[in-house]
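Written below as structure tokens is the structure these notes are about.
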């Protein structure tokens, strides 16, 4: 197997191929200077020599440098070229890098693949990173060859179709949490609504009515009152679309009718909404633990003690309030524990280790 290029990705790819038992030939314009960067089992030579000795060649160079390989067009004829490059921006060019490479070398078979795998994942192994390798090409035999190489390297090849899918594959590493945009905006909107309400109720209203300055409550108390409100509303939004979907199926008398787009999008974002709910609940727990650490809380304790001494009260124990707080904290701890279990089982690595009955029991039964 040949590798054209001497960058970080090319070195990681060569290391992984050698560890997987392949004979690797690296093509470089300066083989003597670059030889020390590659494993000793890999042969580092000039690009023309590397192309002659191999049938499958990983092109690990930038799109701007594809033209430097044009002198090798005759030697590359009939070879399988695996394009591993990415762009710096989404849809930066009209055509994908793989399609551009195919236009430069029409006598070669171009396969897009391995661009969603980082150099770190290649070095550390598939067990420590994303195991999927997205592959596309117009030639089925070439795709099968590259897929077999990916399997031997410990990855899971995913056939994405023809070379026209390369543009979508190249955009994947450039997207920043595409499934989280709507849930995050929803959580921020709910937080602002509840924060405004609590700010008016706990700070502005006492100032207007009693001329009491309670701005010190904003960083801790107001935020801590807001977080659980956002958490339980977000959690309810996780299970509400399932109920609406069931009602829709009962209304139309079939489960094969397509859901409306808004409901379909809602169902697809349930995992992200649930994890944000857990995040708000966890923050609420941390904020609550920090309440006694505040200077204002210490002043309130001293003030209550002085007031008790002045009024000569020996016992201020209120049984109802004690029991209410004990139960409140206990139920809160249990709820956070169950929500933590739901969040953990939603992780792909954990969910894949559970069968459907176990997963549905945790995600459905425990929520009630």
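Using the three backbone atoms N, Cα and C, a Cβ is placed for every residue, glycine included.
Per TrEMBL, domain 'Pyrroline-5-carboxylate reductase catalytic N-terminal' is recorded for 1-87.
As a summary of secondary structure, the domain 'Ferric oxidoreductase' (230-364) carries 111 helix, 0 strand, 24 coil according to DSSP. The domain 'Ferric oxidoreductase' annotation in TrEMBL covers 230-364.
Residues or ranges marked as transmembrane segment in TrEMBL: 180-200 (among others). Away from its own ends, the transmembrane segment (180-200) comes close to residues 218, 222-223, 225-227, 229-230, 233-234, 237, 265, 269, 272-273, 276, 280 of its chain (Cβ-Cβ under 8 Å, at least six residues beyond either end).
Taken from TrEMBL, the feature transmembrane segment covers 221-252 (among others). Outside the transmembrane segment (221-252), and at least 6 residues removed from its termini, the chain residues within Cβ reach (under 8 Å) are 186-187, 190-191, 194-195, 198-199, 202-203, 259, 263, 266-267, 270, 273-274, 276-278, 280-281, 283-284, 287-288, 291, 339, 367.
The transmembrane segment annotation in TrEMBL covers 272-291 (among others).
Away from its own ends, the transmembrane segment (327-351) comes close to residues 235, 271, 274-275, 277-278, 281-282, 285, 288, 359, 362-363, 366-367 of its chain (Cβ-Cβ under 8 Å, at least six residues beyond either end). As annotated by TrEMBL, transmembrane segment applies to 327-351 (among others).
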Completion exercise
The average per-residue pLDDT within the domain 'Ferric oxidoreductase' (230-364) comes out at 91
